[in-house]
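Per Swiss-Prot, NADP(+) binding site is recorded for GLY165, ALA166, SER167, SER190, ILE231.
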Amino acid sequence: MKAKVIDGSRASARIREQLKERVACLRARNIRPGLAVLLVGEDPASQVYVRNKVAACEQVGIHSVTERYPSAWTENQLLDRIASLHGDPAINGILVQLPLPPHMSAHRVIEAISPLKDVDGFHISNAGLLMTGKPQFQPCTPYGVMKLLESEGVSLRGAEAVIVGASNIVGKPMAMLLLAAGATVTICNSKTRDLAGQARRADVLIVAAGRAGIVDGSMIKPGAVVIDVGINRSPDGRLCGDVDYGSAAKVAGAITPVPGGVGPMTIAMLLANTVEAAERSAI
C-alpha cells in the first residue's frame, strides 16, 4: 500500500484565496489587516520563517511590518515595543518570532502581548479559552493540522488520535482541538513507556516531538492518517520530519511530507488569525 500524500501547499493555497476575499471586503470598508513581526537576534532559521510570513502577508493583502533588533536588546526594550504596538490601530496582530535570546523570557514576552492581538494564540488567556472550547485565536500549527484533516475529509468523531509530543505550542492545544472534534485523544511524552504500542493504536497519528525519525513504519497502524509536524535537518543537510517518511508511507493511508505538509498550513492560519483580528476590530 502506498500512502496518499496530503499536500499542505495546495490546501494552504485554497485558504489564502479565501482570505484574499475577506481582505478585499475589509478594504472596501477602508480597513487593511496589519501584522507586526518582531525578530530579536540573527537566528538563520528564524530569518527564513519571518521572510516566508511577510511574503504570505503580501500575497493576501495584509499589511506587515517587520522589526529586527540585535540580540543585545534587553527584554524590557522588547516589552516596551510590544506595549507601544497595542495602541497602533493599523496593527491587528503582534508576533514575536521564537526562539528568543537566552537572556529573555519567552513566557514574559508572550504574556505581554494583548490577547486581542495574540495571533499566534500563545497567551495564557487564549490558551484558557481554547481549553474551555471557546477559542479566540487557535495556535497556528494545531489549527493548520485541523484544516488539513478537514480538507482530506478525515472523520474525527470517535477516532483514536495519538499525539507524540506534549508542548504548549503544538501537543497540548492539538489535544484540545481533537477533543472538541470528538476524537479520543492520547498524548505521548518523553516519559511514555511504550511509544510504539501507543502509536499503533492511532487512526490519526500526529507527531510533534522535535526529533527526526522518532516514528517509523513499524509503529503505524495500517491505513492510519499520519501528520508530521516536525522539521529537522538530516546529517546531509536535508529537511526532514519526525517521521521516517520512507517506511511510514508504505503503511499509512495518508501522510504529510516534510517540507510541504504542515508548514504552509501554519503560515496560512497565522494569516487567518490576523484577518480575524481585523474583522473583530471593525465590529
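Cβ coordinates are placed from backbone N, Cα and C, and glycine is handled just like the others.
Features as recorded by Swiss-Prot, highlighted on the structure.
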{"residue": "GLY165", "record": "NADP(+) binding site", "DSSP (3 states)": "coil"}
{"residue": "SER190", "record": "NADP(+) binding site", "DSSP (3 states)": "coil"}
{"residue": "ILE231", "record": "NADP(+) binding site", "DSSP (3 states)": "coil"}
Whose Cβ, among the binding-site residues SER167, SER190, has more other Cβ atoms within 10 Å than any of the rest?
SER167
Longest CA-CA distance among GLY165, ALA166, SER167, SER190, ILE231, per record bound to NADP(+), angstrom:
18
